[in-house]
């Protein structure tokens, strides 16, 4: 029997929104440079390829959840490997991947703020402010913070439409030509980076699917949220290249933010990069909130705690310390990215596939009726 750590439930619609915002996350500011770094003007092809494989992986994650009747990842691991091995593997996953990813996201926030917006503000202060808000959201619970996120959607759409319309006069179609100039190799390489970040990161939703009120209906929602978020990232990447060109896009650390600096309508409507920063703050907040929540939920279940909220503050302190010490600068992180891509691939693709194979060999549970079963204790 398993302890129910989260009593709240979210709707399928809320799940879709959560997936979409999480997908956009930190990627909206930096994904154009990642795609353009190798694929250049063919970044849009890399994006579509990465999105297609990403949707396939999301379906795979959902099928894994369905096979075990929509229980969470820790319970899946216990059913596959037994209680102690399952808990041990689960603990490693949450500490070595989910918590690490949350640390990277928090550091991304600090680096962006202290690099381009509040250069004289100590990064420690930025981290503390964001963590206070995130930890408060985690304590409120899944149902409450997901309802709050619904309020963000109209504003994000409105701001993005406004940015697109103001950039239309600057678009140069020749910036995405010629197609396939450098062959398929750089396209595939860029698509792998796009697959890892952000689509393979969707594996954390194996901890959230059980708390959707109709988990059996989450397959389309999972796919739709991924396509919405991924499609927006591709759109932003193409728009950036169309306006500033593939070379400048690849060279910039925050190309989307720099893109908005080019907006200037008759010397009246300009300096609107704060709008893009606002969108990024919303989506990165959602991502950090989800990762911190999932970390607390998973670790609490590993240690069979009756309440995940008692470890929210300790997890926050760990995130704070790691975010300041895990890497010295943003340039180091950029150099570390290829190594991280392989590391994340092991946890997000190889690891779930091994779990799937073990479940096949051991004849793990399968939901034949298509209805969810909830276990509690």
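Cβ coordinates come from backbone N, Cα and C, glycine included.
Caution: TrEMBL annotation is automatic and unverified by curators.
Range annotated as transmembrane segment by TrEMBL, chosen from 152-171, 252-271: 152-171. Contacts between the transmembrane segment (342-361) and the transmembrane segment (84-105): present, as 3 or more C-beta pairs lie under 8 angstroms, all at sequence separation of six or more. Proximity of distant same-chain residues to the transmembrane segment (125-145), defined by a Cβ-Cβ separation under 8 Å and at least 6 residues beyond the stretch ends, is recorded for 6-10, 106, 109-110, 113-114, 118, 208, 211, 285, 288-289, 292-293, 296, 309, 312-313, 316, 319-320, 323-324. Long-range contacts of the transmembrane segment (277-303) within its own chain (CB-CB distance under 8 A, at least 6 residues past either end) are made by residues 2-3, 5-6, 18, 21-22, 24-26, 28-29, 72-75, 87, 90-91, 93-95, 98-99, 101-102, 105-106, 108-109, 112, 117, 130, 133-135, 137-138, 142, 145, 149, 152, 155-156, 159-160, 204, 207-208, 256-257, 309-312, 315-316, 319.
The stretch from 15-37, 191-209, 221-244 that makes the most Cβ contacts under 8 Å with the transmembrane segment (152-171) is 221-244.
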